[in-house]
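Visitor: What follows is a single structure, and I will ask about it in a moment.
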């Protein structure tokens, strides 16, 4: 978690992080490549098994997915290369922070470049735009919604960077996703119906219910929730990017399962559409994670959290699996419920609702603040920052596994 640079706040002379090269090298530590390699190895097993072995996916659809994946590999290396370069520029402009969870130690006085989510957002947009050349034709039915989705994501990146620079208050933060979602809501031409769960059909009297404008309102609220939920479940090195990587991985696996199990071409295309946007998010986020993992060399800023949340909201809306997306966001839902008394002003809300760091032991202790991080620490006891982040990401992964299990158990009975 970063403390923004304030001219009026006296601090001890800042140190610099280990440099990747001597002399004019970027003032950040090298990327943690081993961590990313282990994750890619683990993720590639179910990915290629579902794509090639378990399901008979059409050749053209598989080709499009693999072309998108190939672009994402290039995007990963481009992002990893650009982050050290961008870190020099943001530091020069005063966009750096100090790590609160290391206060009282030498690492707590290190200037850490902030707002590096802007690099991820730019590379993501380049990948998503280039992919149109390989997959969409001028008369494609999905092209309008695809570009509307990119417009909303681009808008959110811009507003997130504005927040990083201007440090806008919370009441304004809640409005930003609503503004960014406007291109998507205005261009949305899909259905506004929901399938009634089978146990409730006898009470409602119909299988499908048309919600009309209420459905678009729901879409806007989902965008607001997803964007802000990533932003408030934060404060540890690697947590913001880590939770995005876990959820994005689950979304890709879910989409592959739905494509393979369905025989409806439109349904398949909706989930393929989701993959085309989530794979670039996953690849660029992994590159950022290699620098943001403990001990963090860069901070992601609100630019990244807004961008990641909006991207996942967009794919959930246009892929028509918003219910599944919300279950993937189960820890974020719990964190929001715990935070509600403070966010609503009913309970006093400090600027940083972080755990208490003990510089002597190097451990974090839970505070009374209503966050999932503090709640978890109050249950399990003091933890180191790295250990706590791993635990919380494991909880995130368990939430995603619970979603897959729930869908499997309720298949054919619920809908």
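Using the three backbone atoms N, Cα and C, a Cβ is placed for every residue, glycine included.
Caution: TrEMBL annotation is automatic and unverified by curators.
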Visitor: Which of these ranges is annotated transmembrane segment in TrEMBL: 306-330, 331-355?
Guide: 306-330
Visitor: Which range is it, out of 217-236, 357-376, that shows up in TrEMBL as transmembrane segment?
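Guide: Spelled out, TrEMBL records transmembrane segment over residues 217-236, not the other listed ranges.
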Visitor: Please identify the stretch among 217-236, 242-261, 273-294 with the greatest number of Cβ pairs below 8 Å relative to the transmembrane segment (306-330).
Guide: 217-236
Visitor: Give residue numbers and ranges for long-range contacts of the transmembrane segment (174-196): same chain, 6 or more residues beyond its ends, CB-CB under 8 A.
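Guide: For the transmembrane segment (174-196), the far contacts come to 144-145, 147-149, 151-153, 155-156, 159-160, 163, 168, 204, 206-216, 219-220, 223-224, 226-228, 306, 309-310, 313-314, 317-318, 320, 415.
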Visitor: Sequence-remote contacts (6 or more beyond its ends) of the transmembrane segment (64-83), Cβ cut-off under 8 Å?
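Guide: Sequence-remote neighbours of the transmembrane segment (64-83) are 28, 31, 51, 57, 116, 119-120, 123-124, 126-127, 130-131, 134-135, 272, 275-276, 279-280, 282-284, 286-288, 290-291, 298.
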